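Have a look at the structure below before the remarks.
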Amino acid sequence: MQYAKISGTGSYLPANRVSNDDLAQKVDTSDEWITARTGIKFRHIAAENEKTSDLAAEAARRALDAAGLNGNEIDLIIVATATPDMQFPSTATIVQQKLGITNGCPAFDVQAVCAGFMYALTTANAYIKSGMAKNALVIGAETFSRIVDWNDRTTCVLFGDGAGAVVLSASDTPGIIHSKLKADGNYLKLLNVPGQIACGKVSGSPYISMDGPGVFKFAVKMLSKIADDVIEEAGYTAAQIDWIVPHQANRRIIESTAKHLGLSMDKVVLTVQDHGNTSAASIPLALDTGIRSGQIKRGQNLLLEGIGGGFAWGAVLLQY
């Protein structure tokens, strides 16, 4: 049986780091308030000339280097993003060009907001298991700073920019063991950006609209449920999970999932304090951090999970 195994990871955060104290100079908030409710201390903001594709390409270069591959050995590129460079073409094709990949491999975007990397990773896994790809470049990249209302203290404190990337390679030994994706459009009003461009006009707000308490309750419930489902369907138990690598949105949501599974926070890769909610980038950012720090080791079992507007959510159980 052929598996899709992680052969390299990479991540990138823009140089401009904004602290809670910095934000307190602009809106009515404080370091204590933000930290107590979210666990966030800093977020990184892309430079004016940095696009989502720039962040994605830099994370991809680092992942390719870690995998020991050159760009033209990649035969699939998937970018998960809710903040693309353009209406079209896909950010994935722009990244392909920036990486100098000329082999004509398929490249496309997926959009499931904060669950985007789960959707992209699951899609790449299917390509590899079917024999349609041998080396897939899977990227989560966002510039959420451009869809945040910096006068709205309830949302501007939460989000940041960044990118994370994974190279998935065909392997005879286990990599991705099981994954599950879910969505329910009945909850779209809890979290969205309602604005749109049509007929040469912008209609609706271009900024994030969020029902914070509603999002919190839904996320806690669904992340616990899908974690249970993926572990059980794979024939595993929670005790066999070495690391949870969750979407980095809110420390309290992450703590709730760990508690539900009966796992200590010592088994959670936690990076939300350093970069805030980077949407589709947050899981691969945390994964790369865990691997490069030496926390995550080869052969260990990882549970990746995320949830985002839509609502869309997903989880992946894999052996690193």
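Every residue, even glycine, has its Cβ placed from backbone N, Cα and C.
Feature annotation (Swiss-Prot): of 18-22, 83-87, 248-252, the stretch labelled region 'ACP-binding' is 248-252. Within 10 Å of the C-beta of His247 (active site) there are 33 other C-beta atoms, taking all protein chains into account.
The Cβ of Asn277 has fewer other Cβ atoms within 10 Å than any other of the active-site residues Cys114, Asn277. Cα of Asn277 (active site) to Cα of His247 (active site): a span of 8 Å.
Here the CA atom of Cys114 (active site) lies 7 Å from the CA atom of His247 (active site). In the region 'ACP-binding' (248-252), the DSSP tally of helix, strand and coil residues is 2 helix, 0 strand, 3 coil.
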